[in-house]
């Protein structure tokens, strides 16, 4: 430390004391220089700009002055804890403050902070600091919402051609979807005693209630026929070779039937309505032959209920499932892929038009395609067991074909 001439002779101090002071200064200097090498430096600072208090490398504009992190923290703690009345100086307040000596005299360092213009009134107490942080977070959230709304406003709506395609697909769905929007009024609940007493043993440990299975097979043929009719009403589908049409229908039939059942999930009665007419509970569908597939369809129904899909969205999702170019054995793979892309683009633009409140609605909805694919795969495995355990005469021919 530098000080005014004094009657005290520094050489009169014990040698050990002088050695310890020097060692402490060197160690302090090394730590401070090391800490100043890292950290974010704002773009408004000149290269190697110095702290106006101690001369160390400045990190920004703090309490109305350009200072380093060390002097910023020292000033803040001093004011927040009201420490300055307790500070004292051994050398009559005449210490020179630099990055090596700054930690050795708190009073002179604080006086230097004040003399260069650091503002005490800008230091916030704990409650004000918490309030400021909260305000910053609220502003960030507000800006994020504004940006999201702005991005939604700039997302394209369907073009005139896409609206025409959307209309065709929607009408195809409505004309082939049993009971339409009146399914709740027209549904009939499967009697509770059916599907509660499994009889035929299955190889995987589950059992099949043959009475429930028989009830389900009565509605399966009309349900499959309606899926076929839906596909035939789509102009792009009818332009494909018959071989490809058959492959696409076999591939998507279970997926579309599962989707049509899932969107008719009723949380109040905890039922799915099959083919627009038969309301069944989870255990009934499970014991009626579907086993774990029943859980997957019910779970899908629960999750889709939050999406509040309209007829058009269900119809377009069905068209996307139908036009899947990765089905094995297809001839016109490229043409089918382009058809699906056309449906997907129109679908995405329609989602933009609808302006759902669910964050990331579009990608979340597309994930349901994967869920439906998994349901189909599980059903295919389950179907092999059913063919072994259930009487052949109970299977409708069309069901066996798809």
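Glycine is no exception: its Cβ is also placed from the backbone N, Cα and C atoms.
The region 'Disordered' annotation in Swiss-Prot covers 1-22. Swiss-Prot lists 12, 28 with the feature phosphoserine. As annotated by Swiss-Prot, Zn(2+) 1 binding site applies to 51, 54, 68, 71. Annotated DNA-binding region per Swiss-Prot: 51-125, in sequence order, evidence recorded as sequence analysis. If you look up Swiss-Prot, you'll see 51-71, 89-113 marked as zinc finger, on the strength of sequence analysis. Swiss-Prot lists 89, 95, 105, 108 with the feature Zn(2+) 2 binding site. Annotation source Swiss-Prot lists domain 'NR LBD' at 161-402, citing sequence analysis. According to Swiss-Prot, the 3,3',5-triiodo-L-thyronine binding site annotation covers 226, 275, on the basis of similarity to another entry.
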Out of 68, 108, which has the highest number of nearby Cβ atoms, where nearby means within 10 Å of its Cβ, if these are the binding-site residues?
68
Rounded distance in angstrom between the Cα atoms of residue 51 (Zn(2+) 1 binding site) and residue 89 (Zn(2+) 2 binding site):
22
Given the binding-site residues 71, 89, which one's Cβ is surrounded by the fewest other Cβ atoms within 10 Å?
89
List the same-chain residues at least 6 positions away in sequence whose Cβ sits under 8 Å from the Cβ of residue 226 (3,3',5-triiodo-L-thyronine binding site), in sequence order, or say none.
176, 177, 178, 275
Between residue 68 (Zn(2+) 1 binding site) and residue 105 (Zn(2+) 2 binding site), what C-alpha distance do you get in Å?
17
Measure from the Cβ of residue 275 (3,3',5-triiodo-L-thyronine binding site) and count the other Cβ atoms within 10 Å, all protein chains considered.
23
Work out how many Å separate residue 89 (Zn(2+) 2 binding site) and residue 71 (Zn(2+) 1 binding site) at their Cα atoms, rounded off.
18
In the zinc finger (89-113), how many residues does DSSP put in helix, strand and coil?
11 helix, 0 strand, 14 coil
Cα of residue 71 (Zn(2+) 1 binding site) to Cα of residue 108 (Zn(2+) 2 binding site): how many Å, rounded?
12
Give me the Cα-Cα distance between residue 54 (Zn(2+) 1 binding site) and residue 95 (Zn(2+) 2 binding site), rounded to a whole Å.
12
Cβ neighbour count within 10 Å of residue 51 (Zn(2+) 1 binding site):
25
